[in-house]
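This report concerns only the one structure given below.
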Amino acid sequence: MPEHETNLLFCLAYAGPLGQGIANAVGLALAEKHLAARFNKPDSEIVDHYTYCIVGDGCNMEGILTEACSLAGHWGLGKLIVFYDDNHISIDGDTEIAFTEDVSGRFEALGWHTLWVKNGNDGYDEIRKAIQEAKSVTDKPTMIKVTTTIGFGSPNKANSYAVHGAALGTSEVEATRANLGWPYEPFFVPEDVKSHWSRHIPQGAALEADWDAKFAQYEQKYPEDAATLKSIITGELPAGWADALPQYTTESPADATRNLSQQCLNALAKVVPGLIGGSADLASSNMTLLKMFGDFQKDTPEERNVRFGVREHGMGAICNGIALHTPGLIPYCATFFVFTDYMRGAMRISALSEAGVIYVMTHDSIGLGEDGPTHQPIEHLVSFRAMPNMLMFRPADGKETAGAYKLAVLNRKRPSILALSRQKLPHLPGTSIEGVAKGGYTISDNSTDNKPDYIIMSTGSEVEIAVKAAEELTKEGKTVRVVSFVCWELFDEQSDEYKESVLPEAVTARISIEAGSTLGWQKYVGSKGKTIGIDKFGASAPAPKIYKEYGITAENVIAAAKSL
């Protein structure tokens with residue numbers, strides 16, 4: 001987002017995977033409506049811009065579009081204007097082969113205002129008129145269907161799929177130039193075209209100067225709101241914000257990390273003004289409600305709890321739009337960890353676009369119990385560890401949960417996932433907020449000279465199991481180091497010296513334990529180590545029983561250590 005807010009037009013086209021762009025646009029429009037509701041005054045409209053988006057037939061076929069547009073209609077995002085390039089052609093040919101629905105009718109059913117420009121090829125006045133009408137409708141987003149001819153001007157390829165995804169070719173380019181009466185050399189910009197577009201430079205400068213003057217008056221009248229808005233625009237976090245995170249000790253009562261997550265979110269919401277988010281119809285289970293705020297709705301857009309409904313894919317992409325709108329807006333969204341499968345496309349775009357969304361993923365393992373294998377993630381941890389520019393956290397207790405949130409807030413160009421437990425976990429000796437920043441760190445060790453007999457490494461709920469196994473081995477006279485690997489990505493970024501201090505090369509007796517796929521642990525345990533995990537689907541049973549059945553136990557760790 002540019003530094004100043006004033007009638008800015010955010011233009012958004014296809015974002016790679018079709019449908020992502022319009023969902024991002026919904027996030028941009030949500031951000032504008034939220035900030036306007038929080039900071040505009042009766043005598044000063046300081047936040048005021050439209051969001052424009054272009055979609056095609058392919059976008060309209062993707063399910064994510066309907067998810068996002070359903071929410072846009074529900075929220076009454078009146079400053080969102082979408083152009084539908086209605087050219088009836090997709091990659092495989094005419095849309096008659098697979099797409100014959102009434103698109104305008106669908107948008108109307110979703111709560112949108114709809115218009116139709118029948119001549120989109122050169123009906124410029126008609127397009128301008130449609131835009132003005134769209135702006136006059138303030139309680140609904142507007143979809144303008146613009147019927148066009150794909151490849152307009154090409155004498156041999158217009159209105160065909162041949163021009164959809166391939167270059168025209170040299171001869172057809174020449175034929176098109178002649179057909180359109182365009183005599184200029186390639187890349188030459190005629191003076192009248194240049195002057196037409198260049199007029200926006202002084203106009204933009206004047207608008208910015210007007211806004212600066214308006215904001216100066218706003219600062220005098222509303223200094224606190226102005227300071228808060230400035231911090232959101234610049235992304236500067238309040239001094240000492242991280243001190244608000246809850247403090248936990250070994251004496252704190254055991255609790256599920258999903259509950260500890262809610263404590264962290266609510267603590268952060270008091271000091272981080274741009275924190276906003278919600279859940280895919282699971283807020284009471286994901287524990288993501290900000291208790292001091294109401295719901296972001298059509299008539300209460302100043303609130304910070306966003307009710308996404310059962311729309312994981314749209315939810316993730318909308319959060320991308322929020323994150324990319326303004327540096328200081330920090331969106332989070334939540335569902336069960338296994339349902340990241342439903343929004344993986346949006347999460348990948350988060351990583352690719354450097355959008356620092358915080359993904360709060362509860363029910364992180366077979367420990368969720370009787371819901372069974374449909375809800376029990378197995379391959380999900382390793383799959384996100386394989387995704388570039390993604391931080392995959394799996395905290396073991398309150399201290400690590402707080403540490404994960406601190407890192408997630410700080411990383412504005414790298415999204416974060418917090419995989420959180422349903423079952424209660426104790427607050428372990430040796431864990432720390434500071435340790436999380438290293439990704440992997442020693443939480444207990446009775447060895448000397450960096451030469452333990454065994455190194456046991458783990459994440460999340462299994463760190464407690466690793467500690468219990470270490471205690472038993474210690475009773476037998478062994479020296480044991482326990483390492484919490486809360487975030488692989490951060491550990492891999494540490495210096496070689498630090499990595500050696502945690503995983504000395506000379507110690508090959510290493511064991512990992514994690515209630516998920518063992519894939520990937522080999523790079524830490526080495527060729528002589530042992531991995532304990534789950535490389536098949538889970539089952540329906542209470543957490544203690546299923547952990548025992550699948551060998552996720554201290555006894556199994558001890559047996560693995562003794563076999564080395």
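Going from the start of the chain as shown, residues are counted 1 onward.
Each Cβ is built from the backbone N, Cα and C atoms, and glycine gets one as well.
As recorded in TrEMBL:
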ACT_SITE  E312  active site, proton donor
BINDING   G16, P17, L18, G58, N87, H164, F339  thiamine diphosphate binding site
BINDING   D57, N87, I89  Mg(2+) binding site
BINDING   H164, R258, S285, H363, D371, H375, R422  substrate binding site
DOMAIN    255-427  domain 'Transketolase-like pyrimidine-binding'
SITE      H164  site 'Important for catalytic activity'
Proximal residue to S285 (substrate binding site) among binding-site residues G16, L18, G58, F339 (C-alpha distance): F339
From L18, R258, F339, R422, the binding-site residues whose CA lies within 10 Å of that of E312 (active site, proton donor): F339
L18 (thiamine diphosphate binding site) to D371 (substrate binding site) - Cα separation in whole Å: 33
Length of the line joining the Cα atoms of N87 (thiamine diphosphate binding site) and D57 (Mg(2+) binding site), in Å: 8
Among I89, R258, D371, H375, which are recorded as binding-site residues, the nearest neighbour of F339 (thiamine diphosphate binding site) by Cα: H375
R422 (substrate binding site) and G16 (thiamine diphosphate binding site), Cα-Cα, nearest whole angstrom: 35
Cα distance (Å, whole number) from D57 (Mg(2+) binding site) to H375 (substrate binding site): 34
Residues flanking the Mg(2+) site, with Cβ no more than 8 Å from the Cβ centroid of D57, N87, I89 and excluding those residues themselves: G56, D85, D86, H88, S90, T95, I150, H164
Of the binding-site residues listed as P17, D57, G58, I89, H164, the one whose CA lies nearest the CA of H363 (substrate binding site): P17
Model confidence over the domain 'Transketolase-like pyrimidine-binding' (255-427), averaged pLDDT: 97
